[in-house]
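A.B. asks: Sharing a structure below in structure tokens format, with a few things to ask.
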Amino acid sequence: MGDTVVEPAPLKPTSEPTSGPPGNNGGSLLSVITEGVGELSVIDPEVAQKACQDVLEKVKLLHGGVAVSSRGAPLELVNGDGVDSEIRCLDDPPAQIREEEDEMGASVASGTAKGARRRRQNNSAKQSWLLRLFESKLFDISMAISYLYNSKEPGVQAYIGNRLFCFRNEDVDFYLPQLLNMYIHMDEDVGDAIKPYIVYRCRQSINFSLQCALLLGAYSSDMHISTQRHSRGTKLRKLILSDELKPAHRKRELPSLSPAPDTGLSPSKRTHQRSKSDATASISLSSNLKRTASNPKVENEDEELSSSTESIDNSFSSPVRLAPEREFIKSLMAIGKRLATLPTKEQKTQRLISELSLLNHKLPARVWLPTAGFDHHVVRVPHTQAVVLNSKDKAPYLIYVEVLECENFDTTSVPARIPENRIRSTRSVENLPECGITHEQRAGSFSTVPNYDNDDEAWSVDDIGELQVELPEVHTNSCDNISQFSVDSITSQESKEPVFIAAGDIRRRLSEQLAHTPTAFKRDPEDPSAVALKEPWQEKVRRIREGSPYGHLPNWRLLSVIVKCGDDLRQELLAFQVLKQLQSIWEQERVPLWIKPYKILVISADSGMIEPVVNAVSIHQVKKQSQLSLLDYFLQEHGSYTTEAFLSAQRNFVQSCAGYCLVCYLLQVKDRHNGNILLDAEGHIIHIDFGFILSSSPRNLGFETSAFKLTTEFVDVMGGLDGDMFNYYKMLMLQGLIAARKHMDKVVQIVEIMQQGSQLPCFHGSSTIRNLKERFHMSMTEEQLQLLVEQMVDGSMRSITTKLYDGFQYLTNGIM
């Protein structure tokens, strides 16, 4: 949020090297480089060092930095601690490459003068090729990450670290887990190359700062505790959590908090004065954190926050800018841990609604939902809409979050709180003149609402402690009130003049609506999420907006998030990256496969947040609620075989099934029961829960031995074994595999970099990466690949282990 793209310097024409044949313009040399992208071993280390040293000399002249060291690495390339230093893209061509006259004495002594001249010529050519690759349009972020990981030369690493400033923020953000994992677990030169970019971006974006702090903590957790405490990752995390990286404009605003005369204060100034006077109480935030800490890791985090907060002047400084958001996240996690201690789903649901009702007392505040893609402030959580999701041992839950979109999170004021009892007046504005209230009176009534939350102190830990209190009856009255307000808003919008509609038109419209309206699920106390997930998203947004005191505001938005405690989402994040990369590859190669990667926020090694898939329910819920086969459910939802709606849903099913079958094969995704496969309103299937991938399986049983899950019910929806859509499915599988193996390196490097220093179960065993590469079948012809696809499809359909695992899940967890 609030990311600012670093504008690269305009590209200058690059002088072509003269080492290629006449008239070739060096094209053959460039083709040689592009054929071996990532194979850094073919480049002489001394040549790479010399080439990059020349570029870095130019950087030194541009930035006025410290001279380049003898190893080729800059001692101070980009001053990450400087706020106003200009960051420029290093696309300018370097100076003419110097001959290595001073360094060649030993080489000449060991060989003939002719051999030395030939070696110098070859080195110059290799130097030119490498630099031309780095400056070409082919050099994208994926290639930069590959060279940063594979290179052993500090000069190359430092050059690429500076090239990170040239790429779009969103492109680099995709590889943030890889960058931070390299920073933590690889040598110092890699860390020195990465840090300036991380520090610069943290100054620009509070959301980027939060992401870095969370990932650094999660990926450092696999280290030994004594090593972890003094590691570079821990030090960088402490720097981010302190106030050192606060944007300059926020630091300059602090003197404005000095006391002002009481006379003639405007309402806004009076509010500001109040927040300053309460700053002393709010600054003690860190000392109260330990009341809600539930494990030693959280306590350690709190100690770090406390130490950084004590140095702040209580009179003039607000708390660390990330402190309110961290408290908001910790309170959501604490709710999940408390829910897990309750025995029944109904008790968990009641407790969840009560806890969220108390949480609303501290909103609006300077907090946001990190899974969203735009700047906003959280203003309200409609607590009666929250549901507990299916889980045997834990208590993941789904909440909906009302936010107000803003241009810049850091500079926009926190919205004023609107009490719940003002819903009627805000939603029935057009009726107010009839009640004798003028427009001026109405405007005046809203302007007198004090903005008590327009500061960083809006989130107080003292009130979070109150969440320990159970209020089982809170949700009942709130639900009734919201229902009443919804009715009032509907009646208030009724037209004043009668409208006459023919009875035949009414019957026709009702019949059309019934034909296209999806069926609703019945409320099940053991599965309360089914009804909530089945409701169409747009209908849910309309309903919640009508019941919200903020719903009348034009920048009101509704978000949703799944909160998970006790689960390590680092594997989920890895799977998300692979799915996102495959999705990009198939789009680039124009293969109409469909998959739905959903965002993952890793909070710690055992907690996180997940972006829900809207308008989708699990196949288990479909079968349990409808008591129909998958094909019959399709017919019920989308119409008969020949309708356009059914044919469109069938095509969507085939394209998504083929896409996820390839994903499951390449990543070896396990635990594929019907509770982990969703079906959306358009007919797509979406696989969720990637907790068992690559080298791991549930309880290490190795139950699922087939390449992917393809049941007879899936084939029936496709039209049977002899249907055209089933042949289309196999053709898509072949096209998708051919396209994926063309870009194998982009997929493999995502996984390979994350294996560094990791103790995740998916990396157990020494052959994880080798087996992943083998599943791309680089040596096979297309005819052999076609035969392979036929064999995998046939084997998956006939797999006895798939049937056994589905039966096992039904007996142990009741999953149909």
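If you go along the chain as it appears here, the first residue is 1 and each next one adds 1.
Note that Cβ sites are derived from N, Cα and C of the backbone, with glycine treated the same way.
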A.B. asks: For which of the residue intervals 99-120, 341-362, 407-428, 473-494 does Swiss-Prot record region 'Disordered'?
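C.D. replies: Going through 99-120, 341-362, 407-428, 473-494 one by one, Swiss-Prot gives region 'Disordered' for 99-120.
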A.B. asks: Quick test of your reading of Swiss-Prot: among 434-442, 668-676, where does it put region 'Catalytic loop'?
C.D. replies: 668-676
A.B. asks: Tell me which range among 506-512, 541-547, 618-624 Swiss-Prot lists as region 'G-loop'.
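C.D. replies: Checked against Swiss-Prot: region 'G-loop' maps to 541-547.
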A.B. asks: According to Swiss-Prot, which listed range is region 'Activation loop': 212-236, 637-661, 687-711?
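C.D. replies: Spelled out, Swiss-Prot records region 'Activation loop' over residues 687-711, not the other listed ranges.
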A.B. asks: Within the region 'Catalytic loop' (668-676), how many residues are helix, strand or coil going by DSSP?
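C.D. replies: Going through the region 'Catalytic loop' (668-676) residue by residue, I get 3 helix, 0 strand, 6 coil.
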A.B. asks: Quick check on the region 'G-loop' (541-547): DSSP residue counts for helix, strand, coil, in that order please.
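C.D. replies: Split into helix, strand and coil, the region 'G-loop' (541-547) gives 6 helix, 0 strand, 1 coil.
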A.B. asks: Where does the mean pLDDT land for the region 'Activation loop' (687-711)?
C.D. replies: 79
